[in-house]
Every structure is written in C-alpha cells, then in structure tokens.
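Pulled from Swiss-Prot:
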- 27-133: disulfide bond (DISULFID)
- 48-85: disulfide bond (DISULFID)
- 70-105: disulfide bond (DISULFID)
- 62: N-linked glycosylation site (CARBOHYD)
- 96: N-linked glycosylation site (CARBOHYD)
- 102: N-linked glycosylation site (CARBOHYD)
- 108: N-linked glycosylation site (CARBOHYD)
- 1-24: signal peptide (SIGNAL)
C-alpha cells in the first residue's frame with residue numbers, strides 16, 4: 001500500500017510533464033509545416049502570386065495572435081475557393097492556421113496586398129513564433 005501512495009505523485013508529475021511536452025511538440029510540428037509550405041510557395045514564379053488578398057496584417061496593434069491567424073486563414077480561404085490557384089498548398093495553410101487560431105472571424109477587405117507579399121509577411125511571423133516555441 002505504501003508503494004502505491006508514493007507512486008501517485010510521481011505519476012501525476014509525469015503526466016503533467018508529458019502533456020506539456022506534447023503540446024510544445026505539436027506547436028513545433030504545425031509551425032514547421034506552415035513554414036515549409038510558405039517557403040515552397042514564396043519560391044514559386046506563378047501568376048497566382050500577384051492576386052490581391054486582404055491585408056490582414058495591417059490590423060490594429062491590439063489584435064491578438066489568434067485573431068491574426070484566423071484572419072490570415074480566412075483571407076487564404078477566399079483565394080483558393082474563388083481562384084483555381086495553388087489550392088492544395090493554400091488549403092493546407094488554411095487548415096493549419098485555423099488550428100492555431102481555433103476561432104472564427106471576419107476580414108476587412110479595405111486594404112489589399114499581393115498574395116506574394118501576404119505570404120512573405122506570414123512566413124516572417126511564423127518564423128518569429130517558431131523561434132519562441
């Protein structure tokens with residue numbers, strides 16, 4: 001009986017430690033996948049890269065990271081659903097960003113940028129986030 005009572009705190013500690021590790025590991029994998037896709041897309045010479053997209057990064061400074069990811073996913077979704085361009089890569093980015101955001105949002109279309117500039121800025125943000133992960 002004494003052995004069981006001594007094991008309980010150890011098991012709880014292991015459970016907490018592994019859940020933190022798994023959470024951080026998922027963050028790494030998702031960000032790596034996003035960055036890899038962004039590297040692939042931004043290296044392409046494709047006319048789709050000149051399409052205009054809502055500039056969600058021109059949002060106010062008090063916008064949360066989750067809101068930014070949600071708006072970026074929404075803007076990408078608009079591109080690949082309305083244009084037959086880079087659908088496989090953009091839908092994958094949409095899925096990964098939506099997973100990081102875990103919310104729904106709307107996008108203000110008043111400011112625009114090219115898809116290339118949008119993806120370059122998103123890549124910079126993701127690399128900064130990855131360096132902190």
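Yeah, the Cβs are placed from backbone N, Cα and C, and that goes for glycine too.
Sequence features, as recorded in Swiss-Prot, placed on the structure.
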residue: 48; record: disulfide bond; DSSP (3 states): helix
residue: 62; record: N-linked glycosylation site; DSSP (3 states): coil
residue: 70; record: disulfide bond; DSSP (3 states): helix
residue: 85; record: disulfide bond; DSSP (3 states): coil
residue: 96; record: N-linked glycosylation site; DSSP (3 states): helix
residue: 102; record: N-linked glycosylation site; DSSP (3 states): coil
residue: 108; record: N-linked glycosylation site; DSSP (3 states): coil
residue: 133; record: disulfide bond; DSSP (3 states): coil
Which of the recorded positions 48, 96, 102, 108, 133 has its Cα nearest to the Cα of residue 70 (disulfide bond)?
-> 102
Going by C-alpha positions, which of the recorded positions (96, 102, 105) is nearest residue 133 (disulfide bond)?
-> 96
Please name the residue among the disulfide-bonded residues 48, 85, 105, 133 whose C-beta has the most neighbouring C-beta atoms within 10 angstroms.
-> 48
Among the recorded positions listed here (62, 70, 108), identify the one with the smallest other-Cβ count within 10 Å.
-> 62
What is the Cβ neighbour count of residue 102 (N-linked glycosylation site) at a 10 Å cut-off, with all protein chains included?
-> 9
Residue 108 (N-linked glycosylation site): which of the recorded positions 48, 62, 85, 96 is the nearest Cα neighbour?
-> 62
Using Cβ-Cβ distances, find the residues under 8 Å from residue 96 (N-linked glycosylation site) that belong to the same chain and are at least 6 apart in sequence, listing them in sequence order.
-> 30, 33, 34, 37
